[in-house]
Amino acid sequence: MSEGEVFHEKQRLELCAIHALNNVLQERVFTKETADDICKRLAPQCVVNPHRSVLGTGNYDVNVIMAALQSRELAAVWWDKRRTVESLCTSKVQGFILNVPSRVSLGIVSLPLRRRHWLAVRQVNGQYYNLDSKLKSPVCIGGDAELRAFLSEQLSQDVAEMLLVVRREVEEDGSWLNSENPMK
């Protein structure tokens, strides 16, 4: 990756969890095969694995994302939506993985169905980017204030969730959270 270039993996099948992981790490680390191996480790005795689509097209759950990050000496911290994003210590967060509702479409026809979709947000060269694999290219969010506005908007959806991608020691010491008014 050359300086100024932002790594962005585009959507394929139901592999948004893999794309979100690779996008937040800014390199192709995980594949469908590595995610399937994680699924087998998480549920070795299951004929139908509960951590992915029955059809084998992806649709991996949060346990796969968390195990994948752990394999890279990282951790995923669930964000408590009762907190405001102002309490985030963004300098301690490597990236964000959000799970948001997403429309289902067949070609240009949008169906009245909603599914869940994983997307990544990451700072590259001082700017935060929306690295959603459904986008044609990365979208620059801006600086810290714009990031907080973007995250607040995403989390305002009832079913949206967010994981903070942090180093293990940051998870352990809780430094991803500003010390003054942590529940603010």
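A Cβ is built for glycine as well, from the same backbone N, Cα and C atoms used for every other residue.
Unlike curated records, TrEMBL annotations are generated automatically.
The active site annotation in TrEMBL covers C16, H117, D132. Residues or ranges marked as domain 'Josephin' in TrEMBL: 3-180.
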Give me the CA-CA distance between C16 (active site) and H117 (active site), in Å, as a whole number.
7
Which whole-number value in Å describes the distance between the Cα atoms of D132 (active site) and H117 (active site)?
9
Looking at the active-site residues C16, H117, D132, which sits with the largest number of other Cβ atoms within 10 Å of its Cβ?
C16
I'm checking region-level scores; what's the whole-number mean pLDDT for the domain 'Josephin' (3-180)?
85
